[in-house]
Amino acid sequence: MSLKEFADALPDYAKDIRLNVGSLLGDQTLTEQRKYGLLLACAHGSGYKPIVEATEAEVAGKLSPEAANAARAAAAVMAMNNVYYRFVHLASNKEYGQMPAKLRMNVIGSPGIEKDDFELFSLAVSAMNGCGLCIDSHEKVLRQHGVAADVIQTAARVGAVIKAAATVHATAV
C-alpha cells in the first residue's frame, strides 16, 4: 500500500488530512531527498507501523539507501533526544541542563547524507514530539546553513500531516 492509498483509506471526517497528504506528495518546492526523507522520518517518528509500511513503499526507489537510513536514524535518535531534552527544558531545576546527557547520538555528526537534510528530518520529528529545545536547536543550524524559512515550515507541515494521518488511522471508528 502506498502513502496515497493509506490516506485514501482515511474516513470522511479526516478529508482535510487526506487532501494534505496528497498535497505533500505533490510538493514541488523540496528536493526529492528532502520530500521523501521527511515523509519517511515522520512516518517512523509516528511509531505507527501501518503508516511506516505505507511510507516505506512510497519512498522505495525514490531515496538512496543512505538517505532512507538517515531518515530512519533521525526518527530513532529523536525518539530518545526529544524525551530527554524536553525533560531538561521543562524541569524547574536547571541543574539538569548543565549535566552531560550521556546519550550516544553519533549519527547526528555523521548521518551519511547532507547535514542540512538530516537536520531538517530531525526538526520535523522534533516538532511531532513537541520538544521546543530540539526545534530551536535544529532550526538554528538549518538557518546557519542557509535553509529558507519556507522549507523549515514545510518540514513542520510534513510532521503535522503525517502525525494526524497516523492518529486518525489508528483511532478511526
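From the backbone N, Cα and C atoms, a Cβ is placed for every residue, glycine too.
The annotation active site, proton donor is assigned in Swiss-Prot to Cys131 on the grounds of sequence analysis. Sequence annotations record features per position, and here Swiss-Prot assigns active site, cysteine sulfenic acid (-SOH) intermediate to Cys134 based on sequence analysis. Under the heading disulfide bond, Swiss-Prot lists Cys131-Cys134, citing similarity to another entry as support.
Sequence-distant neighbours of the residue listed as 'active site, cysteine sulfenic acid (-SOH) intermediate' (same chain, 6+ residues apart, CB-CB distance under 8 A): Met78, Asn81, Asn82, Tyr85, Arg86, Ser122, Leu123, Ser126. Counting Cβ atoms from all protein chains shown, Cys131 (active site, proton donor) has 24 others lying within 10 Å of its own Cβ.
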